Amino acid sequence: MSAKSVQGPGGKKPASAATNLIAGGGAGMMEALACHPLDTIKVRMQLSRRARAPGAPKRGFLKTGSEIIKRETPLGLYKGLGAVLTGIVPKMAIRFTSYEWYKQLLADKDGMVSGQSTFLAGLSAGVTEAVAVVTPMEVIKIRLQAQHHSMADPSISQRGFGALYRGVSLTALRQGSNQAVNFTAYSEFRDRLQKYQNTTDLPSWQTMFIGLVSGAMGPLSNAPIDTIKTRLQKTPAEPGQTAIQRIVNISKDMWKQEGSRSFYKGITPRIMRVAPGQAVTFTVYEYLKGVLEKGREMLPGGTYEE
């Protein structure tokens, strides 16, 4: 993989923190609104125990989705959306801002970033967003999505603040590996297209396509982590049991009672959720970043007014 400059197109300064905040937040909000139903279906499939019953019919993502709509109305597909929207702006702001910061930190003396450094920057950004925002947001979201009737979940408040960070190690591992693969693949694809077409401005459809492809790579690489994490965050903790013991017990239980395929439950809707989500995120982010950076250049001093 070729080294890339930390500078923006045409040797300009990299995007400011304000640009990353607004562009990332807007992109994340669009992604959540468009793809949240598929995430709800994925969570229900991962929490399903039907595979334990001998002879039980398989239930795919279309069947799962239709059952949610039938029993809970179409609004059931949007359970947990409030938690996602509440966390999406800081999540995306942290993701893009920290990624750019880590890239600059890992750049060589000439301001060039290698493929390995891009991977590490993505890994670090994923871990940072997992600890800061994603873990508590997902605990609330999964509890709400797992409910078949009430839209409220009193268990969070009853179990205290610590319950919001259940599964933080697995979430950090999943987010870190996701963003490491995602940013590395996206950066490499974009760099190759820019060189091939001799331009720094790619059309939106190309940005969407490479975002779709790079977005699918993360889920394929860490599906077991995501499934175990979902079970861990849904299941109440046993007194005196460490996080590692719970992870090992959940993994053993899944392997013994449901087989190896249980670790890949929900992989289809997860890819269908994450890949289009990344396509939307990168496309909207690149578009808003371009608009905001042009606006910044027009202001006196080249900075945003506070």
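Every residue gets a Cβ built from N, Cα and C, even glycine.
Please treat TrEMBL annotations as automatic predictions, because they have not gone through curation.
Listed in TrEMBL:
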type   : residues : note
REPEAT : 15-105   : repeat 'Solcar'
REPEAT : 116-192  : repeat 'Solcar'
REPEAT : 202-291  : repeat 'Solcar'
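In terms of DSSP secondary structure, the repeat 'Solcar' (202-291) contains 77 helix, 0 strand, 13 coil. For the repeat 'Solcar' (116-192), the model gives a mean pLDDT of 81. Here the repeat 'Solcar' (116-192) is broken down by DSSP into helix, strand and coil counts: 66 helix, 0 strand, 11 coil. Sorting the repeat 'Solcar' (15-105) by DSSP state (H, G, I as helix; E, B as strand; all else coil) yields 76 helix, 0 strand, 15 coil.
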